[in-house]
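One structure is given below, encoded as structure tokens.
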Amino acid sequence: VQTAILKLKSPVPQDHDAESGSNTGDSGRGSVSALQESGNESKENGAGGKTAQPVRFGWVTGVMVRCMLNIWGVILFLRLSWITSQAGILLTWLIILMSVLVTSITALSVSAISTNGRVSSGGAYFMISRTLGPELGGPIGVVFSFANALACALNTVGFSETVRDLLIEYDSQIVDSINDVRIIGSITVTVLLLISLAGMEWESKTQILFFLVLMVSFINYFVGTLIPATPQKQSIGVFGYRSEIFLENLFPDWRGPEGDFFRMFAIFFPSAIGILAGANISGDLKEPEIAIPRGTLMAIFWTTVSYLAISSTVGACVLRDASGNMNDSLPLNFTEACEGLSCGLGWNFTECQQSGACSFGLSNSFQVLIQVSGFGPLIYAGIFAATLSSALAFLVSAPKVFQCLCKDNIYPYIGFFAKGYGKNNEPLRAYLLCYIIAMCFILIAELNVIAPLISNFFLCSYALINFSCFHASITNSPGWRPSFRYFSPWTGLFGAVISVVLMFLLTWWAALIAFGLIIFLFGYVVYKKPEVNWGSSVQASTYNMALSYSVSLAGVEDHVKNYRPQCLVLTGPPTLRPALVDFVGSFTKNVSLMICGDILMSVSQRNSNEMIKWLNQRKVRSFYTSFKASDLREGARHLLQASGLGKMKPNILVMGFKMNWQEIYLFGLSDAFDSNHGVCVLRMMDGLDIRDELETEGMLKNTVNDQIKTVFQSKQGKKTIDVYWISDDGGLTLLVPYLLTRRKRWRRSKVRVFIIGEQQTMENDRKEMKTLLQRFRLDVHDVIVMTDSESMRRFEEMLAPFRLNEGQLDERTAQQQRTEFPWKVTDKEMDALRLKVSVLRLNEIIRRNSKYAALVLVSLPVPQADCPSSLYMSWLDTLSCGLHCPVLLIRGNQQNVMTFYCQ
């Protein structure tokens, strides 16, 4: 619970409504004042008249057209007919609808996220990072940018294959079939790069041109299906609409090593991945919160209709196998053997079917749509428009997303690519990087190899987008207020799960590569902890968990087995007492609660954010709280009462040893005992307050940034931890050394326990103590019995003739004796003398036995109610003075903190 609460200590913006902004986590962005400033800026720009304005697009040209062009890619023209032949019309529709289901759910999630505040540039990366935080946003930014670069290569290879086939048809090959694809692809992606570098305005005009060409090619195709087939077309398997062909092609006919359902799905799915094309250029849209939902969903609807229509029409018009040989036509009264559907249509393709030598038909040719259309060259134009528009869109998307990632400074060495140029802040350097990546994969020159890789990367992105929407919804954060209402957190969860499942069903090894890369990048961000604060749903979830667990703990009774030393440390400003902070952090980190209390007596307030930042930099897991009070006692008393939450309340007060004794110091200790708290007082030879040292070095103003190294940050080696257990306090004096030895810096230190005993029973006392420690499962190196009975006996024998021995007299006689013999020693005075003698003697023993110890723990004497503060502090001073190692005066609240029972 403490870990969850500690994550919430950083300042959180008041709302999720935020821009990408900077990586400083400025919570002022998105506020009313920020909106007014942006309005003023727009007015000033408008008044300037000729100031260069960035190009902004509406939902039609900016999102719908762009998404449709991206979805109508290379798969539509070059693989859809082949997939229909393999899977049949029914399973092809299932593949299309499964893809649309994933993309539609993702589109709903994107719509919800994009309408929950202003969306800046960065597309999917921006949405995920601002919703789930940099830990998941950073990895997906890298993967998504890379996936877009691969998609650019995929569509470029598709275009190159079409051009190569044209060259082969006209007997004009450059080198050979593979190298021709590489040469054409390299030239094409270079031209696309030049168009991108010209700016978004030129890129947008090019996309509109491509869209018009595609519309003409679609019309041309559907008109071609209605035109009666000529004998030449029939020889290649095109017969127009025939019910028998439609029924034959309804069911699957798997062929070759790639003939299975999920392989077909893996090849087809990249044709549906273009749904984020509009979101990826969110920074270039006029109203992204309106344009992204409307344009994306409309694009999915119309492209789905087109895919279903083309797969069903091509399956109703074209046979799976045809020879292309005009001599295979059958005469009216034929007698030769003929098998298959083609026989009833007047053609005998039996020979090529049996030999597997058919060159035409749905199963053998990727150019079926060209053959069916009314005018073949227009389909080529459509292929060129679809592939080039998709490649261009991906070539633009990848750098835009990567630029946003680079600006956030989540990963090192990529800031170089964050620089933008021109009025649209074009990422020219990122364009070149994307061009190089695309070029490398173009050289593979195999469409079916690249497609499954892209499918996995995009499915991974979709999974996180859907999970972002689900997570933001279930956290019930007040900042999650999307204006788009047509979504459910459970559809988002379903979309995330189905995306992950599909990743492994499609290409398991590519899924493992994708997840391995994301886990590596995720681990890096978690380790580095970038200083960004975007008000993510992870923060909201952490709050919910902390609140829920804290409330549930409040109803649980305390048990000795679950005891934890929860410390209120009176550090003042933690930066001025680093040794005290480091020591307490050594035995509370990841174990129990630590609160640094700052009692403000001379200042009105202190910057708590700076104190928390200093503690985090020092890797100390602690809260910081301040309280304004007139004196130390009042502040300590109120902090003891008010600090903590539910069961997470301090049970130990930790202080530094004060050299300037004051009454309120003793009263503060008494108040802690009275409120049932344990007490620890840490003393170091050079003191704990480093204020004078910092003032001497002129560093006082920079204490937040300067980390002073203390003895508790060093490895203690094989030094000992010496425990002088003078009185039983419930076990706290023994528990703290055990917790220290669990730390890496103290692991090699040996614990020695010193107890008081009699000379006659010394060995027996030692064995009993070792047995007791073993039952408590405490690893103690040695137990040493301290005997000082001889000196004390001589002291008491010397004073025996001069004592009143009030315990043996009644009250009246004792009062008479005190009046007649005022020089005699009373029992109370004798007890005080015993304490003084024992304190002096114990200090000598400690200095003799613990000369080379790393730490000394001594049972803290409990002050009597009428004990003067100066006398008590003099005892503490005498008890702990002259030691070169840190000394901890410790006392529990007499409640057991350890048990050797199981229940």
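Glycine is no exception: its Cβ is also placed from the backbone N, Cα and C atoms.
Here's what TrEMBL has on this protein:
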type: DOMAIN; residues: 62-568; note: domain 'Amino acid permease/ SLC12A'
type: DOMAIN; residues: 577-703; note: domain 'SLC12A transporter C-terminal'
type: DOMAIN; residues: 704-902; note: domain 'SLC12A transporter C-terminal'
type: REGION; residues: 1-50; note: region 'Disordered'
type: TRANSMEM; residues: 57-78; note: transmembrane segment
type: TRANSMEM; residues: 90-113; note: transmembrane segment
type: TRANSMEM; residues: 136-160; note: transmembrane segment
type: TRANSMEM; residues: 181-202; note: transmembrane segment
type: TRANSMEM; residues: 208-227; note: transmembrane segment
type: TRANSMEM; residues: 261-279; note: transmembrane segment
type: TRANSMEM; residues: 299-319; note: transmembrane segment
type: TRANSMEM; residues: 378-398; note: transmembrane segment
type: TRANSMEM; residues: 430-450; note: transmembrane segment
type: TRANSMEM; residues: 494-527; note: transmembrane segment
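Proximity of distant same-chain residues to the transmembrane segment (181-202), defined by a Cβ-Cβ separation under 8 Å and at least 6 residues beyond the stretch ends, is recorded for 55, 152-153, 156-157, 159-161, 163-164, 174-175, 281, 284, 388, 391-392, 395-396, 399, 422, 424, 426, 428, 431-432, 435, 438-439, 442-443, 445. For the transmembrane segment (136-160), the most Cβ-contacting stretch among 57-78, 90-113, 208-227, 378-398 is 378-398 (pairs under 8 Å).
The average pLDDT for the domain 'SLC12A transporter C-terminal' (577-703) in the predicted structure is 83. Below 8 angstroms of C-beta separation, residues 59, 62-64, 66-76, 79-80, 83, 86-87, 91-92, 95-96, 98-100, 102-103, 106-107, 110, 114, 119, 123-124, 127, 151, 154, 252, 285, 288, 291-292, 295-296, 299-300, 303, 307, 390, 393-394, 397, 448, 451-452, 454-455, 458-459, 461, 502, 505-507 of the same chain, each at least six residues beyond the ends of the transmembrane segment (261-279), sit close to that stretch. Here the transmembrane segment (57-78) sits against the transmembrane segment (378-398); at least 3 CB pairs are under 8 Å, leaving out pairs fewer than 6 apart in sequence. Per DSSP, the secondary structure of the domain 'SLC12A transporter C-terminal' (577-703) breaks down as 54 helix, 26 strand, 47 coil. The transmembrane segment (378-398) and the transmembrane segment (90-113) are not in contact, since fewer than 3 Cβ pairs between them lie under 8 Å (pairs 6 or more apart in sequence). Each of 90-113, 208-227, 494-527 was scored by its Cβ pairs under 8 Å to the transmembrane segment (299-319), and the highest score goes to 90-113. Long-range Cβ contacts of the transmembrane segment (208-227) within its own chain (Cβ-Cβ under 8 Å, at least 6 residues beyond either end) map to 61, 65, 68-69, 72, 240-241, 306, 309-310, 313-314, 317, 369, 372-375, 378-379, 381-386, 388-389, 392. Away from its own ends, the transmembrane segment (494-527) comes close to residues 101-102, 105-106, 109, 134-136, 138-140, 142-143, 262, 265-266, 269, 410-411, 452-453, 455-457, 459-460, 462-464, 466-467, 470 of its chain (Cβ-Cβ under 8 Å, at least six residues beyond either end).
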